[in-house]
There are 4 protein chains.
Amino acid sequence: MKNSKPKYKQIIEAAVEVIAENGYHSSQVSKIAKKAGVADGTIYLYFKNKEDILVSLFQDKMGQFIEKIEQETTSRQTAEEKLLTLIQTHFKQLAADHHLAIVTQLELRQSNKELRQKINGVLKRYLNVIDSIIEEGMEEGLFRSGLDLRLVRQMIFGTLDETVTNWVMKDQRYNIEDQAEEVHSLIVHGLTHNR
Amino acid sequence: MKNSKPKYKQIIEAAVEVIAENGYHSSQVSKIAKKAGVADGTIYLYFKNKEDILVSLFQDKMGQFIEKIEQETTSRQTAEEKLLTLIQTHFKQLAADHHLAIVTQLELRQSNKELRQKINGVLKRYLNVIDSIIEEGMEEGLFRSGLDLRLVRQMIFGTLDETVTNWVMKDQRYNIEDQAEEVHSLIVHGLTHNR
Amino acid sequence: MKNSKPKYKQIIEAAVEVIAENGYHSSQVSKIAKKAGVADGTIYLYFKNKEDILVSLFQDKMGQFIEKIEQETTSRQTAEEKLLTLIQTHFKQLAADHHLAIVTQLELRQSNKELRQKINGVLKRYLNVIDSIIEEGMEEGLFRSGLDLRLVRQMIFGTLDETVTNWVMKDQRYNIEDQAEEVHSLIVHGLTHNR
Amino acid sequence: MKNSKPKYKQIIEAAVEVIAENGYHSSQVSKIAKKAGVADGTIYLYFKNKEDILVSLFQDKMGQFIEKIEQETTSRQTAEEKLLTLIQTHFKQLAADHHLAIVTQLELRQSNKELRQKINGVLKRYLNVIDSIIEEGMEEGLFRSGLDLRLVRQMIFGTLDETVTNWVMKDQRYNIEDQAEEVHSLIVHGLTHNR
DNA sequence: CATGAATGAGGGTTCATTCAT
DNA sequence: AATGAATGAACCCTCATTCAT
């Protein structure tokens, strides 16, 4: 009675698994349908086309991802603590879902420009969280005032993304959560001596 | 006198243009051949297969790219100056070749895992340059000792890559070279007050 | 009512016709699909690849061919009669299907070694029928004992095959069934006087 | 001075080797040219096209083959002896040139109908030798009069051809010359008791 | 809602042949 | 005579999407 209901979810979960296991280019709609336990045609009752599966997948998973980060960071006091929490939560969540990590860091990047732009739309919410923390830090006087918001955001996101991608490409063989503090320190203090 | 360029070069230049203009997945071998002014079959006298064009393109262009960076940085005195020069040269070169920027930042990422691994092989040389500068900075006492080389490298590369990608995705509408100093400052000093 | 034939059969029949009319090397999959009245892709729902069409065609047609020969021969009393019936049935069946005759005698021989080996596998069953008749004839005392089974089999099959091939190459302009008795006589009695 | 002369021969010998070693469909003109030690274009100074190489090869080799058979058979007294000699010489020559055996029995059969018809033109001379022996045998009273010349010719040629082909397909692992007498006996006396 | 058989467009690669040198 | 770089036509197969049931 309820098992047959959330076909939508079923299909998205299947897509994550199939893409993580087979790679983006070997993830045919029929393979996803099979893994989801539905007929090929059924996919098209829930998704406009194949790309729509991927966008929905990303929206769905990233929505939760960001929500969690929003939750965890708001409870912190200072911008510095919030930033640390953001990094820790970012790492923790991807470490907790190996399939998702592979899909977001490696496989979904192989999509075309159009799809990547939609993906960027989803990411905007995450970037806004980063922006808020930076602005708060500047207001607090903790961070230098006059920072170029866009550049800082790119530094932070670029650093996290590159860090996670390298970890995934190394088959997630080390514990990435252990590196949150050092990454945080690098971002906050840079390469030079902390006074 | 006019077509005296060796076919190999001709084809690589054509590939950059075709990919930049049409996108990775719409860049058929026949389109590249046409742009290069040669027959389809001629491509295969100079390249093993389509992937080989792309790998060669990347090796060729990145080879020059890195070489230039190596040249420019070695003439600088301190690690800090070298890092600034690296960033400036990185930005300057991509700003000077819009097509190449599109190809490396957006289109070539859509390739499959196998090709991306070959691309990473080429990038290694660039990462080594970064590593040397960091190590030099630590020896000089300019940078904190005890930095995790891999993390720092990932921060620097991730930041530059993300910065350039955003600039390309915004259709290169602003001058990225102007941002080199601020990016450098962020990396060296972090978000907090310098001293 | 009219297209009720299963697609599998439809495609095989189309393949025989197309190959007989156009020759092996001009028989593209798309041509077979068109003749069969299905889309190109449909072919691949029923056959693994192009070669599989040809192997299946041969298995299917030769299966019936040999079955018929087995049926007809078993009802005969002596080995000599069985051999005559085998020759008659062999000729009769190919005479009844001109397209098939062209395909088996001329076109399928142009296939590569791999395919020809699979074809030989199918032929084994026919060769076994011949062997049985020879052995029976020797046991009956009708044929010389001590005959080299392999050589005799090769003589019989080689003679029939060459006879049919010549008839096909002469555009099947004479009645090959009329020659069954004389061929039989040659095989059984050789060139010399029958006592 | 003389080494460079018979390019024509050089190319034909190269073709036999290349085809025997690589198979018909993997024997590109460039491969033959390389083995012959000439440039690709040079081939076309001596042969009209690729097919012409193969026809010439067959004419050349079969010319010698048949010549030898003509020589050996004429010196024999009776038709029966001549037939035995024909079989022995046929087997002996192919046994002496493994490459040629592979090419004529297996590889050249993969050619298209047109080429095979030209090949048959060359074989006519061989078939004439067979015909003469049969006619002689009938005149001598050794063979039954009233034999259908074409059928007998097909039986003899079909038997020899099938015998040799089987031997080649079994990688020439046994001595085919040893079987000449038994094959001869089968043809002359058939399956039944020799009186 | 669900199915799954059928569709058909699209592209990398080989290789016989040519021809300027 | 000889070269070999250049040509360009030709084809099998995959897979996202549809639609009759």
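Glycine too: its Cβ is placed from the backbone N, Cα and C atoms.
TrEMBL: automatically predicted annotations, no manual curation.
As annotated by TrEMBL, domain 'HTH tetR-type' applies to C:5-65. For the domain 'HTH tetR-type' (C:5-65), the model's average pLDDT works out to 95.
The DSSP breakdown of the DNA-binding region (C:28-47), given as helix, strand and coil counts, is 15 helix, 0 strand, 5 coil. For C:28-47, the entry in TrEMBL reads DNA-binding region.
Beyond its flanks by at least six residues, the DNA-binding region (C:28-47) meets 3, 7-8, 10-11, 13-15, 17-18, 22, 53, 56 of its own chain at Cβ-Cβ distances under 8 Å.
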